[in-house]
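Undergrad: Questions regarding the structure given below will be posed in turn.
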Ligand code: F6P
């Protein structure tokens with residue numbers, strides 16, 4: 001093999017740059033030329049390639065976001081878009097592609113792989129919903145950002161005897177909400193995986209008030225049927241019953257914009273190097289992930305399009321502990 005390419009796709013995640021750096025420098029070590037593709041699959045279809053040297057990826061391991069840029073590219077779901085992408089890869093003599101991204105991105109990787117092009121995926125999404133990796137690049141940093149926000153909200157909430165509805169990211173997965181809720185000591189956790197009843201949320205906040213708590217926190221997943229704004233509307237009509245004064249904070253993209261912590265830098269580096277090693281060994285059509293502490297490959301036909309289930313037993317544990 002002489003040339004490979006790497007791209008980042010979907011929602012950015014802290015640690016993506018560390019993974020790019022690992023793929024580029026790992027690839028150069030093999031004697032390959034490494035191209036970066038700008039703006040994910042959009043750049044792949046548009047032919048936006050740049051040859052990367054070791055220096056080009058210097059000083060990025062600690063940066064959040066992705067120096068290659070990322071995009072959501074619905075056109076890549078069409079046969080025409082994919083054929084164009086393959087033509088662009090072939091025109092540059094690129095023989096394999098590393099796709100750093102989450103669920104949608106790995107489905108794209110699988111589609112290319114089925115068309116006969118060698119692809120290796122690297123599990124990266126703050127949502128942590130990818131099958132084939134117990135944790136994905138960006139999760140740890142995003143979770144810590146959410147926790148810092150919750151800790152700060154508790155301080156001001158206590159001063160004013162308030163309850164906060166804190167919405168965390170996760171349109172399709174409640175992992176961040178569940179973990180931020182447990183680690184943040186929330187009184188209520190609202191997920192999309194479990195049907196929520198606004199009345200139950202109100203009653204739980206009210207019970208916390210009656211127990212003499214100075215504040216209460218409800219962590220709500222973005223994708224929950226009753227998101228934070230909807231819960232707020234419902235709660236406002238019942239404000240008197242709750243006791244606490246109520247406020248809403250939506251953390252949103254703040255969670256994605258952090259500098260990667262040590263865990264994400266190390267995970268991303270190991271996954272990026274793992275991807276290069278697999279390609280060097282002639283393996284492709286796989287997703288690189290962390291499984292029981294090891295960097296392992298799962299076939300894309302097993303991982304792509306498959307969501308990792310949440311451990312909902314933890315929700316009951318959180319309920320018991322929120323005394
Ligand atoms: O996929 C990661 C994620 O941050 C989700 O948690 C969130 O629902 C979504 O992306 C937001 O997407 P966008 O950045 O396109 O608004």
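Every residue gets a Cβ built from N, Cα and C, even glycine.
Keep in mind that TrEMBL annotations are predicted by a computer and have not been checked by a curator.
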Undergrad: Which of 77, 83, 154 does TrEMBL put in the same ADP site as 21, 22, 23, 24, 25, 185, 186, 187, 211, 213, 214, 215?
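TA: TrEMBL names 154 for this ADP site.
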Undergrad: According to TrEMBL, 125, 126, 127, 162, 169, 170, 171, 222, 253, 254, 255, 256 bind substrate; so which of 247, 265 is the extra one listed there?
TA: 247
Undergrad: Considering the ATP binding residues 72, 73 given in TrEMBL, which of 11, 15, 121, 132 is annotated for that site as well?
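TA: Answer, per TrEMBL (ATP site with 72, 73), from 11, 15, 121, 132: 11.
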Undergrad: What are the other residues, in sequence order, whose C-beta lies within 8 angstroms of the center of the C-beta atoms of 11, 72, 73 at the ATP site?
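TA: Along the chain, the qualifying residues are 9, 10, 40, 41, 70, 71, 104, 105.
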Undergrad: Measure from the CA atom of residue 11 (ATP binding site) to the CA atom of residue 185 (ADP binding site) and give the result in Å, rounded to a whole number.
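TA: That comes out at 28 Å between the alpha carbons.
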Undergrad: For the binding-site residues 127, 171, 247, which sit with their CB under 6 angstroms from an atom of ligand 1?
TA: 127, 171
Undergrad: Out of 11, 25, 72, 187, which of these binding-site residues is nearest residue 171 (substrate binding site) by C-alpha distance?
TA: 11
Undergrad: Would you mind sorting out which of 11, 23, 73, 213, 215 (the binding-site residues) have a C-alpha within 10 A of the one on residue 256 (substrate binding site)?
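TA: Close binding-site residues: 11.
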Undergrad: Can you give me the Cα-Cα distance between residue 215 (ADP binding site) and residue 247 (substrate binding site) in Å, rounded to a whole number?
TA: 11
Undergrad: Starting from residue 11 (ATP binding site), work out which of the binding-site residues listed here (23, 25, 125, 169, 213, 247) have their Cα within 10 Å, and give them in sequence order.
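TA: So the list reads 125.
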